[in-house]
């Protein structure tokens with residue numbers, strides 16, 4: 001039988017929790033090492049399932065990968081394999097981020113269409129269009145993205161939407177293209193900035209990271225480097241929301257609060273006291289949270305990854321909240337599980353209207369993705385009795401030491417077979 005969590009509600013969470021490296025950053029950094037022959041070292045890697053999965057992807061492409069605690073040492077060969085059509089690639093979404101580096105380094109790639117979280121359509125149209133503008137052919141053939149180029153040349157690329165994945169794949173091909181590439185409407189997420197920082201350390205010439213317009217001057221080759229992953233803002237915010245929901249007092253370290261300003265402002269609006277330093281923040285909630293409206297948007301807006309936690313918070317807030325999802329269309333299936341817990345919520349697929357109740361009621365629930373799983377656990381913390389959360393392998397893909405950290409903060413939670 002698959003593992004599950006049993007969460008006993010009613011405890012106030014308090015204490016300090018340290019956040020590790022960002023899941024949404026480390027996997028792309030690992031892929032970027034393919035661009036330079038030799039050994040690169042990435043530190044502050046989170047202890048999550050997706051890191052060894054990405055290591056398997058890189059090994060399948062000819063790299064040597066050593067994982068030691070929070071350190072990944074990746075040796076990229078002089079001629080990486082370009083065919084990424086094997087089981088590890090199909091297991092999770094981020095594996096598609098090897099497309100850009102392979103096209104850049106090998107001038108060809110064959111990458112199996114990836115799996116990952118069940119949160120709606122995430123087409124690769126913009127990835128393909130961007131690579132075509134750089135001079136590559138790029139098509140879907142027999143379940144794989146197949147790309148090839150004689151020469152990559154810089155281009156003016158206008159993204160329809162500031163897609164993180166498309167920005168990163170185009171970026172990692174453009175850094176070794178001839179001439180100058182400009183990406184308009186580029187993603188501004190801290191994870192993209194982190195990737196640009198590492199690429200520049202490798203010898204790339206990327207300007208404008210964190211702004212809507214990114215300029216890349218291609219260079220003939222890149223070199224290995226050492227880089228520290230930024231702290232995980234999504235994990236950090238999850239702990240902040242947990243403090244607000246349980247009327248707790250949690251200090252979160254190892255993350256830049258500048259990456260979370262819209263979230264911290266929403267917690268303040270919900271009645272929490274929020275204090276910040278350069279690399280930490282503290283959330284204290286004394287009363288029942290107030291209802292707040294949330295609309296997900298690309299950075300610097302409210303992250304779509306935190307939408308389930310926003311719904312969980314709204315479910316026990318004083319008043320009615322509207323949560324609007326503007327990024328992934330299928331993310332509201334989480335609401336069905338919240339209704340099992342007694343939440344008063346309804347959705348039309350784009351909005352969720354949630355009328356807060358003083359308390360939820362325990363029930364068996366099932367995770368559909370990483371963040372929905374975390375949201376269900378937070379809901380279990382404020383439900384009466386024991387809530388069983390199933391399919392928790394999703395949570396393990398994105399939250400290091402999740403049960404251990406919750407227990408340290410005072411939650412009553414256990415992992416059972």
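Each residue, glycine too, has its Cβ placed from N, Cα and C.
Taken from Swiss-Prot, the feature active site, proton donor applies to 117.
Look at Swiss-Prot and you will find 23, 24 tagged as phosphoenolpyruvate binding site. In the three-state DSSP assignment, the secondary structure recorded for residue 23 (phosphoenolpyruvate binding site) is helix.
Non-local neighbourhood of residue 327 (UDP-N-acetyl-alpha-D-glucosamine binding site): 296, 297, 298, 304, each in the same chain, at least six residues away, with C-beta under 8 Å from its C-beta. Annotation source Swiss-Prot lists UDP-N-acetyl-alpha-D-glucosamine binding site at 93, 305, 327.
Distance between Cα atoms for residue 24 (phosphoenolpyruvate binding site) and residue 305 (UDP-N-acetyl-alpha-D-glucosamine binding site): 11 Å, as a whole number. Spanning the residues 93, 305, 327 that the record associates with binding UDP-N-acetyl-alpha-D-glucosamine, the maximal Cα-Cα distance equals 16 Å. Proximity of residue 305 (UDP-N-acetyl-alpha-D-glucosamine binding site) to non-local residues of its own chain (separation of 6 or more, Cβ distance below 8 Å) is seen for 24, 234, 370, 371, given in sequence order. The number of other CB atoms found within 10 A of the CB of residue 23 (phosphoenolpyruvate binding site), across every protein chain shown, is 25. On the backbone, the CA of residue 23 (phosphoenolpyruvate binding site) and the CA of residue 93 (UDP-N-acetyl-alpha-D-glucosamine binding site) stand 12 Å apart.
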